[in-house]
Ligand SMILES: Nc1ncnc2c1ncn2[C@@H]1O[C@H](COP(=O)(O)OP(=O)(O)OP(=O)(O)O)[C@@H](O)[C@H]1O
């Protein structure tokens, strides 16, 4: 308990799983919590002379079952293991924390999601700049960046960390900027200092400074990086050698997607958990490395034409008919390979099991066949990646030489080390596994040597193995034999050889365990020199996997190669929305649309059209096509010629920030002002129903002013799609030559409307909102009243909204009343009312009756 208390004191915030023999035990408050979360029995044991302490535990081999439950329940768990072999230790066995598991710090398969990175994010708030670090201990990836809050927010949205850490005294800054959905942890202020960070990072990477990593001018980022690393280093006895590199997220290389865009375009997440997102459509990757990389590509689209074309050309080559077979073969291999990043990370922290080492080796054995296939494509952009892959043959030879080809999952459960690798081990195995043969041979040899036919080898508990000779042959016993026992008609002897053998066989199994364990640990340690090459391979295999995925989904979904250039025009022919088109019911077909935008003639498209006609779909698909092109994927369009965009901004739909205390309209204005303040002529902007959150004239004025700003301000002169219900905005084109009116066409058929979903030139007359209300099943009184009200408003002559409404409601038929039968005003017409058999009346008769009644009650 003294040892426990010492260790617990170092990890006061964590639940300490304390290894005792075959159990992990928890004590005190930890035990109370653990027994509740895990449903395990809570007992008490004596603690010191007077008190008792609560105790709850589970068998060590159930760790994988219980640990994820604790972490998911929001616990930080410190695993305290025995660091010495209890069998060879005379005093209390040394113990230490070997792993800290929190949502953002886990290496354990049961806690991790295979296809997702598990990033820990550290934030350092400074006055102007925010530093951010993303560190995945399960893959060794480590990135830092810094910028204004907006930028960092966007990165956090895109990287979707499982846990965020920040300074204790920055709680206000954090809660003001970030949603409360993140699992967070606050660290002491001293962790967030530059000196400390530099020291921590240079120690980790074993370097003098950080120059080689290209991050040396990112002070805030470095501080965040140091904090992230410090957070992991609370574990004892584990080197994190796989965290061997740190890189800057080079913001100038990637398209700026503001944080609203990542969410609004539903790239990876959606407001609705079950909704399909873009990643669901374009991720056909076959390896975890590919899947994780694709998510990063998606939130960091490229800006450099050459980089983009490298990917696009690779996808195009994979799609050539002559490469079909190669594509298939590549898929077969990728489908079968292991998670290099996680395997090598486990090796680095010494938590890899023998089966996983074999899996690592088998995966590396596939490098050569992969290279062969890639080279056979004859595509320079693919061959380039093939050349970067490293065969790692030294590792393969090593593992083949040292490890059993089908090893047991852990030491002590069967063979782990290969036959022929270690003489002592071979000898021990021979003894342990072929003991009977050996004794038989020894017996035969001795019979031959001594000529005693009755000689037998046997065993008893008193003096172990012995040779037994019948009295009749006693005289033939060699001198060096030592007599141990005399029976009535036989004598028992031991020999030097037999005793040596005995000591070997009796301890053989124990010794095998110890020796295998030592040899295995040496092997795992020696793998550390391959960490970097394996990580590089993982990255390139991830790249290949993403490109193959792009090729496969492009073929499956009929996507085409976009053409990118450094101009400003966007010219999409027959574009489609990649997600909506996959969700149509059978028989429905997605209506493709052309969209043209540039900075000189058609900069702003004002799209009007009834609700539900497909305005938002056109906005979003335009942005998605641009974005897909810039991550190097083919696009859902017949053709797309696209000037490279540097930023994509969206102001679409209502936000869910209500929990943060802002009104919907406030959120809308916040998002829009952040757009207007960050524009460049290369940006693409989507504005959906700007201003609808306030009164009509307010809304129209704001929307008008924004469109005018985008048109007139040379800095903000960027391609814009503007969807609106305000027909008044259709007047803008007269004054602003680069604003063009379009509408999404519908056909009116009597009282119904038919959605054609074609984007055509020209404004539109009215909004059909009431139709949608009807479609949505509003009570008929509401629909009827709204229809009348609208008709009056449209005819009204009032000069202000207020006057118009006043005029309309003063019309004689403009009251919608609901009567209660006990209303005194109804007393004199009760009889009349009761006599009405509503079911027999036609609607017209019913209306007439109603008017009669209204007159009787004086219009009330
Ligand atoms: N081009 C299309 N082809 C087929 N179906 C489409 C198309 N565009 C949109 N739809 C379908 O119509 C639905 C409504 O589209 P969308 O949300 O774009 O309408 P909207 O005009 O923006 O409506 P609102 O003004 O009410 O927001 C979509 O969810 C989709 O199912």
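Cβ atoms here come from the backbone N, Cα and C positions, even for glycine.
TrEMBL labels come from automatic prediction, so no person has curated them.
Database features, via TrEMBL:
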- 609, 610, 611, 612, 613, 614, 615, 616: ATP binding site (BINDING)
- 683-699: domain 'DNA mismatch repair proteins mutS family' (DOMAIN)
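Location within the structure of each feature annotated in TrEMBL.
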residue: 609; record: ATP binding site; Cβ contacts under 8 Å, 6 or more apart: 615, 723, 743, 744, 745, 746, 764
residue: 612; record: ATP binding site; Cβ contacts under 8 Å, 6 or more apart: 755, 772, 775
residue: 613; record: ATP binding site; Cβ contacts under 8 Å, 6 or more apart: 744, 745, 746, 755, 757
residue: 614; record: ATP binding site; Cβ contacts under 8 Å, 6 or more apart: 591, 744, 755, 757
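Just so you know, the Cβ of residue 611 (ATP binding site) picks up 17 other Cβ atoms within 10 Å once every protein chain is counted. Taking the mean position of the Cβ atoms of 609, 610, 611, 612, 613, 614, 615, 616 as the ATP site, the remaining residues of that chain whose Cβ falls within 8 Å of it are 723, 744, 755. Among the binding-site residues 610, 611, 613, the residues whose Cβ sits under 6 Å from any atom of ligand 1 are 611, 613. Taking DSSP states H, G and I as helix and E and B as strand, the domain 'DNA mismatch repair proteins mutS family' (683-699) has 4 helix, 5 strand, 8 coil.
In the three-state DSSP assignment, the secondary structure recorded for residue 616 (ATP binding site) is helix. There are 22 other CB atoms within 10 A of the CB of residue 616 (ATP binding site), with all protein chains counted. Of all the binding-site residues given, namely 610, 615, the one with the smallest number of surrounding CB atoms inside 10 A is 610.
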